[in-house]
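Everything on this sheet refers to the single structure shown next.
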């Protein structure tokens, strides 16, 4: 248990992505006393509709200091540390995405329209914009939040910073928002072993395959593959149940990872009739789809 606690206490940088042959990239961590565990009893689940986010560049950009861009009314402009703290508090448990930018940054101007479009389509996410060169107050806020390069994106939940990125492309921003803010998709969110057992028990009949996406909060490959998981959860809802769990969410989740002998993430567990039939480790879209089809009973040739 000490090993698990030590892992949970480590910063983001300790989860090291690395390439793996034939399975794209994963993040690794090590447990003691690995043992396979058949667990489980059955399968299936309810579904909800997920509306895919379609991003297109608009005319909006951060613009000159003090000049808010058009058509971005859903992005809150922050002018001081006090306003920033109030916005985080008012968001409660919603995901907050804060962009720290400057008026002279070409990269900030390039990516801002995509954040504006996300703000229009992701109603359960709060978007903030801080122009670091607007005033002494915004400069002080950037120093407080340790912003060194722009554009810098920080992600918060319940006033706690859970993730941050800098210099990212629009597709990665969209992936991060989906990964950290996804609350209403057809992918069932699991928060511990009891949730896993409940999911399997609730879906005792129906013959569906359960695909359990096991990852970590701070895992680039996990974020990368998640939009694919969302799309598959819609297109395969008649035959496959999708669920996910972040191993570092709490001790129950981490113990589940240990019992399932998960040592790299993302790992996808394929469960049918209460037993783990197989697994796929990696973030390759084609390989994941192929494995899901194979465990669904579709003949796949490589």
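The count begins at 1 with the first shown residue.
Note: Cβ is positioned from N, Cα and C throughout, glycine not excepted.
In the three-state DSSP classification, residue 219 (active site, nucleophile) falls within coil. What Swiss-Prot records for 219 (among others) is active site, nucleophile, and it gives similarity to another entry as the kind of evidence.
Residue 222 (active site, nucleophile) has a Cβ environment of 28 other Cβ atoms inside 10 Å. Per Swiss-Prot, active site, nucleophile is recorded for 222 (among others), and the stated evidence type is similarity to another entry.
What Swiss-Prot records for 219-222 is disulfide bond.
The annotation domain 'Thioredoxin' is assigned in Swiss-Prot to 163-298.
Marked as site 'Contributes to redox potential value' by Swiss-Prot on the basis of similarity to another entry: 220 (among others).
Take the CB of residue 221 (site 'Contributes to redox potential value') and look out to 10 A: across all protein chains shown you find 26 other CB atoms. The site 'Contributes to redox potential value' annotation in Swiss-Prot covers 221 (among others).
The most densely surrounded of the recorded positions 219, 220, judged by C-beta neighbours within 10 angstroms, is 219.
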